[in-house]
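Read through the structure below, which is laid out as structure tokens, and then see the notes.
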Amino acid sequence: MKRAVVVFSGGQDSTTCLAQARHQYDEVHCVTFDYGQRHRAEIDVARALALKLGARAHKVLDVTLLNELAVSSLTRDSIPVPDYEPNADGIPNTFVPGRNILFLTLAAIYAYQVKAEAVITGVCETDFSGYPDCRDEFVKALNHAVNLGMAKDIRFETPLMWIDKAETWALADYWGQLDLVREETLTCYNGIKGDGCGHCAACNLRANGLNHYLSNKAAVMAAMKQKTGLR
């Protein structure tokens, strides 16, 4: 039996990954992390979506220690989430230092226990928003370290790594979940489901990707299939 663990936030990217994993694995587990995030509403959204999409199990892990250590606008209400700035340089204040290091490591430990062969994460280098822990180089390095540390071959899969946001919408559509991802996921840094606040970087990226996909469906779908190897 093929098993996988999805690092699951209930947002566009991880929900698309879950939809695909349900077709590619016999048994899919979801792991969601409560780190005291500003957009904590995503946890309830993740619970509902994991159930709706047929996850075998859904764990919500308390990692609020991260909130104490990692200062970010996503972990401190006193730090405002910035509006989208197209020419912003450097690492944004929405970056939570160590988040993906912790999430992927804990997901791998869970995968070890349930005998899963893969941990799936929706990180993406094409639209990585300046986050260093969304890069392919980082994921591969951590995967190597985790496998050495557990003497176990658990594969970190990044199905969105080389596709852009429009192509991520195409992937959701390919698996028949475009409307669900559009209406029921929570990507917004301010914790608003669906189309979100419309001002933060996450909402801007999501909306621009959707608009591009809807206006160029055939071309974007073809590009997504070419990059992912889907037929």
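Quick reminder: no glycine exception, Cβ is built from N, Cα and C everywhere.
Features as listed in Swiss-Prot:
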type    : residues                                                                  : note
BINDING : Phe8, Ser9, Gly10, Gly11, Gln12, Asp13, Ser14, Thr15, Thr16, Cys17, Leu18 : ATP binding site
BINDING : Cys188, Cys197, Cys200, Cys203                                            : Zn(2+) binding site
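The number of other CB atoms found within 10 A of the CB of Gln12 (ATP binding site), across every protein chain shown, is 25. The ATP site, placed at the center of the C-beta atoms of Phe8, Ser9, Gly10, Gly11, Gln12, Asp13, Ser14, Thr15, Thr16, Cys17, Leu18, has further neighbours from the same chain whose C-beta lies within 8 angstroms: Val6, Ala46, Leu49, Gly122, Thr185.
Ranking the binding-site residues Leu18, Cys188, Cys197, Cys200, Cys203 by how many other Cβ atoms lie within 10 angstroms of each Cβ puts Cys197 at the bottom.
Closest by Cα distance to Cys203 (Zn(2+) binding site), from the binding-site residues Phe8, Gln12, Thr16, Leu18, is Gln12. Residue pair Phe8 (ATP binding site) / Cys197 (Zn(2+) binding site) shows a Cα separation of 21 Å. In the three-state DSSP assignment, the secondary structure recorded for Cys200 (Zn(2+) binding site) is strand. Among the binding-site residues listed here, namely Cys188, Cys197, Cys200, Cys188 has its C-alpha nearest to that of Gln12 (ATP binding site). Ser14 (ATP binding site) and Cys188 (Zn(2+) binding site) are 13 Å apart (CA-CA, integer value).
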